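Listed in Swiss-Prot for this protein:
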type: MOD_RES; residues: Val2; note: N-acetylvaline
type: MOD_RES; residues: Thr8; note: phosphothreonine
type: MOD_RES; residues: Tyr20; note: phosphotyrosine
type: MOD_RES; residues: Ser23; note: phosphoserine
type: MOD_RES; residues: Thr30; note: phosphothreonine
type: MOD_RES; residues: Ser83; note: phosphoserine
type: BINDING; residues: Arg127, Thr128, Tyr129; note: hexadecanoate binding site
type: BINDING; residues: Arg127, Thr128, Tyr129; note: (9Z)-octadecenoate binding site
type: BINDING; residues: Arg127, Thr128, Tyr129; note: octadecanoate binding site
Amino acid sequence: MVDAFAGTWKLVDSKNFDDYMKSIGVGFATRQVANMTKPTTIIEVNGDTIIIKTQSTFKSTEISFKLGVEFDETTADDRKVKSIVTLDGGKLVHLQKWNGQETTLVRELVDGKLILTLTHGSAVCTRTYEKEA
């Protein structure tokens, strides 16, 4: 099931990203740049290891993990978080915890597109990616 997520995905639509970034504490200047950026996400599956690379002119990140195993992550906005990713009903659910807070990043495939839903408290952002050929 995870194999379906593999590929190179380009951001084509983003809703409420600024509200989400404000909610997790991202500063004004960083939000301005991040809002203008159209990142590419590359998802690779290598046995039981999943690699997610996010590349943009703003910042590039890479995480490597196994489903259900907690790992340390430094986010694009430099938060140091404890993360765990699980597969739940065909969705990749990524939970990040830091300083008594938590946020979820849920990736799901809908009509051939990758939908990323970011949630922190009442802030909900939806980012839509299309697969590159």
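Here the Cβ of each residue, glycine as well, is placed from N, Cα and C on the backbone.
In sequence order, Trp9, Leu11, Val12, Asp13, Ser14, Lys113, Leu114, Ile115, Leu116, Thr126, Glu130 are the same-chain residues whose CB sits within 8 A of the CB centroid of Arg127, Thr128, Tyr129, the residues recorded for octadecanoate being left out.
When the modified residues Ser23, Thr30 are compared by the number of other CB atoms within 10 angstroms of each CB, Thr30 has the fewest.
Neighbour counts were taken at the CB atom with a 10 A radius for the recorded positions Thr8, Tyr20, Ser83, Thr128; the maximum falls on Tyr20.
DSSP classifies Val2 (N-acetylvaline) as helix under the three-state reduction. Taking a C-beta cut-off of under 8 angstroms and a sequence separation of 6 or more, the residue listed as 'N-acetylvaline' has the following same-chain neighbours: Val45, Ile50, Leu67, Leu87, Leu92. Among the modified residues Thr8, Tyr20, Thr30, the residue whose Cα lies closest in space to that of Arg127 (hexadecanoate binding site) is Tyr20.
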